Amino acid sequence: MKRMRLKAVLFDMDGTLLDTAPDFIAITQAMRAAHGLPPVDEQRVRDVVSGGARAMVAAAFGLSLDSPEVEPLRQEFLDRYQEHCAVLSRPYDGIPELLAAIEKAGLIWGVVTNKPVRFAEPIMQRLGYAERSRVLVCPDHVTRSKPDPEPLLLACSQLGIDPSRVLFIGDDLRDIESGRDAGTKTAAVRYGYIHPEDNPAHWGADVIVDHPRELIDVLDRALCDC
């Protein structure tokens, strides 16, 4: 990545900044137990996390997305998640070091997510990131979510930083499309919730990494004449 006088780094939340899948998996397992069913293979749920609650309950219960049984299960999932959205979620290995490096470099950071604010805020607070993050943009704050550029443009506006001075990091094509259309630099991460049929190499990101610590090197290169 060429030098870009970076001023801010924005993260997608699920599958990029945080591994929130353990809470999703625990809830779907509890739901199956409540419905008299045995545990499901965790990977079935993890593979479709990026598809949201509907995709996760469909996978957990072996249903098609258009099954009439999915909607009541989705609502049950969301009700349970409201009470247990910040129990097992953790930052990915290497994220604490990355955030420390961002702050040490004098940059600011924030989160742009498609997760509703009623879930996103408690998670950020519980993990101690609410005070450190300078912006949190959720679907509640915009008329169009990612892949539309509106959430990224709102975050940049709230920070008072031109999008060209921002790096947006995500684990889904919609993240890269949103960042690119907003005018930010983009980084795709392979460690997140990527569907087995997806290939980040085809997304058009400025850089692709396999581990959060690699992003420290990306920032170093972006901030120097190397």
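Numbers run from 1 along the shown chain.
Including glycine, each Cβ sits where the backbone N, Cα and C put it.
Per Swiss-Prot, the features are as follows:
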BINDING   Asp12, Asp14, Asp171  Mg(2+) binding site
ACT_SITE  Asp12  active site, nucleophile
ACT_SITE  Asp14  active site, proton donor
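Location within the structure of each feature annotated in Swiss-Prot.
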residue : record              : CB count, 10 Å
Asp12   : Mg(2+) binding site : 28
Asp14   : Mg(2+) binding site : 25
Asp171  : Mg(2+) binding site : 26
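For the Mg(2+) site, the Cβ centre of Asp12, Asp14, Asp171 serves as reference, and the other residues of the chain with Cβ at most 8 Å from it are Phe11, Met13, Gly15, Thr16, Leu17, Ser50, Thr113, Gly170, Asp172, Asp175, Val189, Gly192, Tyr193.
Look at Asp171 (Mg(2+) binding site): DSSP puts it in coil.
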